[in-house]
Amino acid sequence: MSGGDMAKPLLGHRNTEGDPSIRPAAGRTIGVLGSGDFARSLAIRLVCSGFKVVVGSRNPKRKAGLFPSAAEVTFQAEAVKKTDVIFVAVFREHYSTLCDLADVLAGKILVDVSNNTEINHHKESNAEYLASLFPACTVVKGFNVVSAWTLQSGARDGNKQVLICSNNQEAKRTVAEIAQVMGFTPVDMGCMSSACEIENIPLRLLPAWKIPIFLALGLFLCFFTYNLVRQVIHPYIREKKNKFYKIPVEVVNTTLPCVAYVMLSLVYLPGVLAACSQLYYGTKYRRFPDWLDQWLQHRKQIGLLSFFCAALHAVYSLCLPMRRSHRYQLIETAVKQAVEKKMNIWVEEEVWRMEIYISVGIIALGLLSLLAITSLPSIANSLNWREFSFIQSTLGFIALLISTLHTLTYGWSRAFDENQYKFYLPPTYTLTLLVPCAVILAKVIFSLPCIHQRLLRIRRGWEKGRYVKFVLPSATGEYSSGETSSNV
């Protein structure tokens, strides 16, 4: 799903968890048509939840051993007669094989759990097609977003939400009741027209991650090419030195922190732009542009990718001394010093720079780890809003500050060394400082009392240019009404 679609389904629809009107359903008989993996997992979960399960199969004797002993496996016609709620766990192309059961299925609730192999493969959804084949039945779409593994392992090991839609409210209520007893959270997605959207959800691969991943790959390619030119191409052209061995480890390790640092700043840049928009227009009710809205929605994924690149950078840095080329360089340096009879090469400034650089980098990685852990739903759900906001906002900004200090410590005085400008190109870390420093500067400006108070008023509902009515007593004692701007 696109970013807009991801924000749309669950927020505006009714969640039936905890609904007192949903009655306990354990003990009732549920039918399952089909004998595949999903039908088997569904039967196991229903039995474990206290339901009586009747499985309808075309070959009950051969399939009986695949289902739990508590479930009754019989012919399809017999199974349909014993229950009013039937899960249709067969593929769309096999729906026509159930047409012989049309008479006994009349008046039953059919729960369609099928999915397609491609997004929008058919003009109508599977549930709508099933409803057209059996007009005398009530069809409910549900359980298709739940995997067979989740059904067997229980809701604690997977997504708890079960999306349900149907044109019949009572049928939706019945299926929601069953889902809740099974340990899932039923979510009412409306009428049957939503079935197509529900069926497309399991087919989309990482819908909220596409833009962040492409952004990370784009930044990686840009910085990698830049570092390749400076570290490999420049010495090859100017000094005739072959340093292509640096590409697999050293060039990659120089690129990863650049991507991680810029991606971290891109997590907080849209918040700065949103605040600027609210200050400019003097209201929080004006809709952000679509590109900014999408950016705000992808901040979590961008932050996790930033942590991923930072973690890879830490691993690559630990592996640097293990390279054969590094050992050769150490031996070469030692021999050169012996020939030149240099007994002491200790440089106090360089020692302190590296000590501070590594220490600050470890702290920055630790804060990024904390941000990544609290982004997990299981951890985030255990925090209240103030705790979550403090970690993601305050500690996140502190992580950006420490990452900036880590970068500046690495650069130290190198930015003023003309030998660092290969092909007149500045060092890579100086380029990475542009966006983060802009974010930090904007945050400092927004923290000024005059701007902070105005932004706080806007976010509490104040609007520029809004007129409010007031009533004043006249000289005769009567009251007269008027208007004034809220700017006054």
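In case you wondered, yes, glycine gets a Cβ from its N, Cα and C as well.
No curator has checked TrEMBL annotations; they are predicted automatically.
Taken from TrEMBL, the feature region 'Disordered' covers 1-23.
Regional average pLDDT for the domain 'Pyrroline-5-carboxylate reductase catalytic N-terminal' (29-116) in the model is 93. Feature annotation from TrEMBL assigns domain 'Pyrroline-5-carboxylate reductase catalytic N-terminal' to 29-116.
TrEMBL lists 211-229 (among others) with the feature transmembrane segment. Same-chain neighbours of the transmembrane segment (211-229): 3, 247, 251-252, 254-256, 258-259, 262-263, 266, 294, 298, 301-302, 305, 309, 422-423, 425, 428, 431-432, counting only residues six or more beyond its ends whose CB sits under 8 Å from a CB of the stretch.
Secondary structure of the domain 'Ferric oxidoreductase' (259-401), assigned with DSSP and counted as helix (H, G, I), strand (E, B) and coil, comes to 119 helix, 0 strand, 24 coil. Look at TrEMBL and you will find 259-401 tagged as domain 'Ferric oxidoreductase'.
The transmembrane segment feature in TrEMBL is assigned to 259-281 (among others).
Residues or ranges marked as transmembrane segment in TrEMBL: 302-323 (among others). Counting only same-chain residues 6+ beyond the ends of the transmembrane segment (302-323), those with a CB under 8 A from a CB of the stretch are 212-213, 215-216, 220, 249-250, 252-253, 256-257, 259-261, 263-264, 266-267, 361, 364-365, 368-369, 371-372, 375, 396.
According to TrEMBL, the feature transmembrane segment maps to 356-376 (among others).
The annotation transmembrane segment is assigned in TrEMBL to 388-409 (among others). Long-range contacts of the transmembrane segment (388-409) within its own chain (CB-CB distance under 8 A, at least 6 residues past either end) are made by residues 257, 260-261, 264-265, 267-268, 303, 353, 356-357, 360-361, 363-364, 367-368, 370-371, 374-375, 380, 429, 432-433, 436-437, 439-440, 443.
Per TrEMBL, the feature transmembrane segment maps to 429-451 (among others).
For the transmembrane segment (356-376), the list of distant contacts is 260, 264, 300, 303-304, 306-307, 310-311, 314, 383, 388, 391-392, 395-396, 398-399, 402-403, 405-406, 409-410: same-chain residues at least six beyond its ends, Cβ to Cβ under 8 Å.
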